[in-house]
């Protein structure tokens, strides 16, 4: 009987701990990163053909090497954060309006990006964020000018975005 009560008290105590205490620490983030990026890639594969086949603006590239350079630069964290916000707040909500059959996959992608953004915020001492990005300003302006085609372009290039995130986080991991 006493062991049962102790087990119940331990369970209750664990349930009242803040959520961040139950999550992996920031020190293990770099070890968990490959799996998180793989999950993003697998989920994107479910919708990739839909968006890339509707991208008629093949002479325009939203996610250029200039963005990757910013990700790798001094203020890479800010660029990554802005791009995560761009996809979660602008691209994915509008993309969900284009296809009812892909909403689950897009919702899952959004949740994965939000989780990555939350981890970066929680582990802020590893990621210094402080400056606005010129490349992202250009991306957003081009995206808006393209209207609905911008959705297909941004979602069609989502794999490039994942690769850039990976480059940034692997670079941070080496430091």
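Cβ coordinates are placed from backbone N, Cα and C, and glycine is handled just like the others.
According to Swiss-Prot, the features are:
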- 1-21: signal peptide (SIGNAL)
- 26-123: disulfide bond (DISULFID)
- 77-129: disulfide bond (DISULFID)
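Feature map: annotations from Swiss-Prot on the structure.
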{"residue": "26", "record": "disulfide bond", "Cβ neighbours (10 Å)": "16"}
{"residue": "77", "record": "disulfide bond", "Cβ neighbours (10 Å)": "19"}
{"residue": "123", "record": "disulfide bond", "Cβ neighbours (10 Å)": "14"}
Distance from residue 77 (disulfide bond) back to residue 26 (disulfide bond), taken between C-alpha atoms, in Å:
15
For residue 26 (disulfide bond): DSSP state (helix, strand, coil)
helix
Whole-number Å distance between the CA of residue 77 (disulfide bond) and the CA of residue 123 (disulfide bond)?
11
